[in-house]
Protein chains: 2
Amino acid sequence: MASEKKKKRPRSEPTSDSEEPDWDPPSRSKSRPSNPSSSSSSNKALSFKKLLKPDSAILDTLKKLYDSHHQNPNPNPNPTSLSDLSLPFPCREVSDLPPSSVERAIESTILAAASSILSGAGFSFSVPGRGPSNQLYVPELDRIVLKDKSSSRSFSSLSTVRKAAVTARILSLIHQLCLKNIHVTKRDLFYTDVKLFGDQSQSDTVLDDVSCMLGCTRSSLNVVASEKGVVVGRLVFSDDGDRIDCTKMGVGGKAIPPNIDRVSDLESDALFILLVEKDAAFMRLAEDRFYNRFPCIIVTAKGQPDVATRLFLRKMKTELRLPVLALVDSDPYGLKILSVYMCGSKNMSYDSSNLTTPDIKWLGIRPSDLDKYHIPEQCRLAMTEQDIKTGRDLLEEDFVKKNPGWVEELGLMVKTKQKAEIQALSSFGFQYLSEVYLPLKIQQQDWL
Amino acid sequence: MASEKKKKRPRSEPTSDSEEPDWDPPSRSKSRPSNPSSSSSSNKALSFKKLLKPDSAILDTLKKLYDSHHQNPNPNPNPTSLSDLSLPFPCREVSDLPPSSVERAIESTILAAASSILSGAGFSFSVPGRGPSNQLYVPELDRIVLKDKSSSRSFSSLSTVRKAAVTARILSLIHQLCLKNIHVTKRDLFYTDVKLFGDQSQSDTVLDDVSCMLGCTRSSLNVVASEKGVVVGRLVFSDDGDRIDCTKMGVGGKAIPPNIDRVSDLESDALFILLVEKDAAFMRLAEDRFYNRFPCIIVTAKGQPDVATRLFLRKMKTELRLPVLALVDSDPYGLKILSVYMCGSKNMSYDSSNLTTPDIKWLGIRPSDLDKYHIPEQCRLAMTEQDIKTGRDLLEEDFVKKNPGWVEELGLMVKTKQKAEIQALSSFGFQYLSEVYLPLKIQQQDWL
């Protein structure tokens, strides 16, 4: 709890770029242009602390965010699906299917092949194209989907006989997995028939083909990625029947399960989800039990988001209808990571509707925070040529362009050529992140 | 449970290299020299399955292992410490200290410096050497320790003034951490004074120096590594006061906490710890709830062991007095990983007694398993030149040389120039690892 009461100020509406913030940057007038000494840094940190209102006021802000999101979690209620749009050409998406449906889908594919063989026509699979020419960014959905181009993979053609055989083998293996309802990794799948597959990229590719052919997600095939993410905070869920209370997971947190279909019965009294890029920040917030002061669920994939964490985040957001605030490094890769969570990666675009979490708010560290929070010069890093190029490329991406606030921030980053990690906040004290920066950002509704 | 009863066979004593195993490799006579088809592979897998005794017999084997270990967890009861050995020169080791003791140690270091300054002599820190010339492998301890060489880090010398200042700053930061009893990462520590430290390698180095100076482990300084490991199975423990039951952690498992000093009150009815190199194998065993069939604790660091997982494994083994069986890839890196768990890494040798877990048994995948279990040729990989060099180097390492069985296995690997991943067992079916390979290895007491 903040120890001092602050004078009551009228609550501002959510800040937009044109509005004045409801506070004056505290020590801007005092800030020396160069070489801030560590004592002036401490003063600045202290003056920001004085801006903090009592927790009850910050909680009110969060409740407002929660309410506005909970009543209307998406700009379009009931997530718009492809079928709601009258696109001028057919598009393809996959959906989650239970193992029994995948089984049946495989059986009918094979029966069709068998009857085609019996009729003397040999057999071939119709395989949807997944290449760039068949990909399309749909602004209404804010994600990449596949157009409906398919090609025939015939067993009787020299150029496709191998791939047809691999496809048949993968279909048979997936059928086994669904029958037993067990989960394996792509690597396991590869090793079941190294002689046929040759190398793992071949079985991986055909696995994605099969996903598209059957119209189901890769997780529905019971082939999972390895787990990397952890979660802690105000969430109770079932992992393979075991009830997990994430407020009672110590400082280590709960490892996010690799197989999302074993995750069920989510319950939460959280007001928001805090998505964190790095595990150092996660650890700080878990140890300080940040979620007890501000009810939230804290989740991290420890860097590049893996499929399991993306599925888990999406499941939390849609089932619990919670807003998501993101805390990432102030560099182009922080934004890239947001883009993977929000829009998906290009090579799994057929599955974008199941893997992506739209409407994540960029809380921090934002390029404008560096000056606003007086991050000392020596804690900022110069962007490399590659960083700057990545930043410029991002400015051309649809998912950035549709958010003017993001364009402005990214523009500032590319202009100042400075980046900063979340840990740069440690220069004001180890607990500055959890005790000052995050509460103040939330109080100011300072997200984009 | 195995479904068929097997004819009773006398239980063999633990197999050593000279003894005949208590079973005949089942399909060796039938095995074709080349191009094993997948149906012959299935036959082989089936024939191994027939060798399995009922679970009760395998459990008896495990109980014997447990008893022999539990009564005498180490060849030397009460782990031999440096002071038990009459080495011809003094050696240095660090130990776990509570935050209050670290605080006091820092205060007396600083008081000594202050009184030295007041007496007109300036001040200097006495810093133990950590370089190779000050390192020593002690066979009785089976780990690397530091000899007692120290150097003086004086504030009044141009060559050491910077390092002396950095050391004083780190001491002051650690003092704060211990006062508040919070934990941070090395990266956080670096960011508190980027201007002074310059780059992170400098603060990291001095952090290890301070650890040696104060005679305590790095975890005692409340500076922790990021977490990577997960644990599942027959273990109940407290993580920062929260009671965690690892049989109720679903398939995802519990993330191992980064700060080992918050881990306490371990309880277990396991008969052994199964240390797994990769998370794919961990996932298989967790989903199959292997620990319900054979009471064990399953732990993995997902590749290279991190400090948190090493500390956790050591704590489990010493407090619960359980034997540790290791499942790693059959390649030089699998053995390297074992060596890090068992003997530590060279740059943290001052902390070797707290980080290492001696007496880990190499269960599999061993080079001799490739032929014994008829791993198909196409699932084996050719070792690269670098692999072979690493293997040859390992043959010169003390920790390998003292175990004749390991020398023989590694010799075979280098000779055949073949390696194999744990996942290669998937060629016999996805659950072959948990249903046949591991139970049979345990039944045969086939560890080294």
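Even glycines carry a Cβ here, placed using N, Cα and C.
Around the Cβ of A:Y191 (active site, nucleophile), the number of neighbouring Cβ atoms within 10 Å comes to 28. The active site, nucleophile annotation in TrEMBL covers A:Y191.
Classification of A:Y191 (active site, nucleophile) by DSSP places it within a helix. For A:Y191, the entry in TrEMBL reads active site, O-(5'-phospho-DNA)-tyrosine intermediate.
Neighbour list (A:D329 (Mg(2+) binding site), Cβ cut-off 8 Å, at least 6 residues apart, same chain): A:E277, A:K278, A:I365, A:K419, A:A420, A:E421, A:I422. Feature annotation from TrEMBL assigns Mg(2+) binding site to A:E277, A:D329.
Taken from TrEMBL, the feature compositional bias 'Basic residues' applies to A:1-10.
According to TrEMBL, the compositional bias 'Low complexity' annotation covers A:26-44.
Taken from TrEMBL, the feature domain 'Spo11/DNA topoisomerase VI subunit A N-terminal' covers A:162-223.
Summarising the annotation, TrEMBL assigns domain 'Type II DNA topoisomerase VI subunit A all-beta' to A:227-263. A mean pLDDT of 92 is what the model gives for the domain 'Type II DNA topoisomerase VI subunit A all-beta' (A:227-263).
The domain 'Topoisomerase 6 subunit A/Spo11 TOPRIM' annotation in TrEMBL covers A:272-442.
Residues or ranges marked as region 'Disordered' in TrEMBL: A:1-48 (among others).
Feature annotation from TrEMBL assigns region 'Disordered' to A:67-87 (among others).
Each of the recorded positions A:Y191, A:E277, A:D329 was checked for a CB under 8 angstroms from a CB of chain B; the ones meeting this are A:Y191. A simple way to gauge crowding: the CB of A:E277 (Mg(2+) binding site) has 25 other CB atoms within 10 angstroms, across all the protein chains here.
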